[in-house]
């Protein structure tokens, strides 16, 4: 009986220690106004944002978060309009096209690099070329660009950003209740930071 009690006590302590790793106001913050019906895990980004580029291409935050998510929990990525002027809005629509066609993974890197690294993306035509070079037919892209589905996805992205009163990117939200706070995480080591970020998302996705 004593051994069983000690084992149970150990489990309780382990659980308490695990929960204590995550503190509201440290690794995450609770939204004042929860957003009903928000995607389970929602990341906002811009192809114009240098930190978003780092998150995607250097730290691989999205990939690491996806690996940690419980079964059945989906991650969604939305592009924002408030960077890049008119071209930023074109990229939000292009991201809606990517979502509609299911080609996000094919165009993410070339769009980031075309905007920030090579600076070869300067117009809607340049964006279209990225999709064609990624294997999407021009007529398929054009049909999607002008479709009701894409227009709806653009509106959906804009509404989601307004609902959480988004101030900057990159930003990640969980269940419309919590926002990740990278500044409250361990940044002394890149791998540790990425691990803590992904673990925090997992914790919040399971939080009742």
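Any Cβ shown, glycine's included, is placed from N, Cα and C.
Taken from Swiss-Prot as is:
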type     : residues : note
DISULFID : 49-52    : disulfide bond
DOMAIN   : 20-150   : domain 'Thioredoxin'
SIGNAL   : 1-19     : signal peptide
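Counting residues of the domain 'Thioredoxin' (20-150) by DSSP class, helix then strand then coil, yields 70 helix, 14 strand, 47 coil. When pLDDT is averaged over the domain 'Thioredoxin' (20-150), the result is 97.
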